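Undergrad: Let me give you the structure first, and then I'll get to my questions.
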Amino acid sequence: MTDLSARRLLLVHAHPDDESINNGATMAKYAAEGAHVTLVTCTLGEHGEVIPPALRHLTGTELGEHRLGELTAAMRELGVEDFRLLGGKGRYEDSGMMGIADNDDPACLWQADVDTAARDLVEVILEVRPQVLVTYDPDGGYGHPDHIQAHRIAMRAAELAADAGWEIPKIYWNRVPRTVAEEAFARLRADLPGLPFGKAATVADVPGVVDDERITTVIDGTAYAAAKAAAMRAHATQIDVAELYFALSNELAQPLFTTEYYELVRGERAAREESDLFAGVAGAVTVKEAS
Ligand SMILES: [Zn+2]
C-alpha cells in the first residue's frame, strides 16, 4: 500500500542499471527522507551485453532473470522497496541500438504500441499518485530506442492519468549540464592512468547533456555517493565501477555523478534553481528526518 500522505516520486526507466546511473543518489536521498519512491523499469535488458566473462553464457530470459536479481540488490542499496516491471515480468523485451534487425521483434519495447504500454503505467500512477515523475527527454538522452520509448510511454501515461483523475504536478527529464560534464571529463582524463579502464568516453557519450541554462533543479546527493556507487556495482553484468568513475560494456570510462540534475518540463518552477524535486508541491512538505 502506498502512503498517500507521503511525498511520492515515480521514475520510469528502460533497463535495469539506468535508474542507478541517472538517479541513484536522488532515489537514495528521498527514500532515506521517508518519501515513497517507485521505480518502473520497462524491460529486463534480456538482449544486452554482459561484462563478466563468467556470466557471458547468460542470454535471453536467463539473463533477464539475473538482471532482475541485480536490480533487486541495487534497490536494497538505495533503500527503495517499490520497484516494478512495466506490465509485469517479461511483458516487454529490450531492443538494440537504432537500426538493428532485432528491433523488428514484436516482443521488444520499440515495437510496443505506446498507448497500450502507457495504460500499464497509468495503473501504477493511479495507485501511487506521484507528485513527481522523472524520465528521459524525447531523444531518450542519447537515442537508444528503449529510452526513447520509455520517454514516450511515461509522457503519454501522464496525459492518460490526468484524464483518469491524477494529474502529476511536476515532470522532470534527466539532465547533465554541459560545463559539469566537461569539467568531470577533464578530471577523468587526468586520473585515467591510475584507473582500470583503458580509454575515456567523451561528453557526447553521456545521456541528457544540455546547456547549463536548461537545468532547473539540482539534487545534491553527496551524502548518498556510497549508496549510488554500491547500487551501480550491484549491476555487475552491465557496469564496472572504480572510485568516482565507471564503464559500461564498451569499457570507456565515464564520471560517476553524485550531484544529479533535472529539467522541469511540466508544472511550476518553485525557484530559479530548485534543490528539491517536490519544491512548491502542496502537501508534499512533510519530511521524515533521515536517520
Ligand atoms: Zn538503458
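Yeah, the Cβs are placed from backbone N, Cα and C, and that goes for glycine too.
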Undergrad: Which one, HIS147, HIS151, is listed by TrEMBL in the same Zn(2+) site as HIS15, ASP18?
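TA: My reading of TrEMBL gives HIS147 as the candidate in that site.
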Undergrad: Suppose the Zn(2+) site is HIS15, ASP18, HIS147. Which further residues of the same chain have a Cβ inside 8 angstroms of that site's Cβ centroid?
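TA: These residues sit around the Zn(2+) site: HIS13, ALA14, ASP17, CYS42, TYR136, GLY140, HIS144, ASP146, ALA150.
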Undergrad: Could you find out if DSSP has HIS147 (Zn(2+) binding site) as helix, strand or coil?
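TA: Its secondary structure by DSSP: helix.
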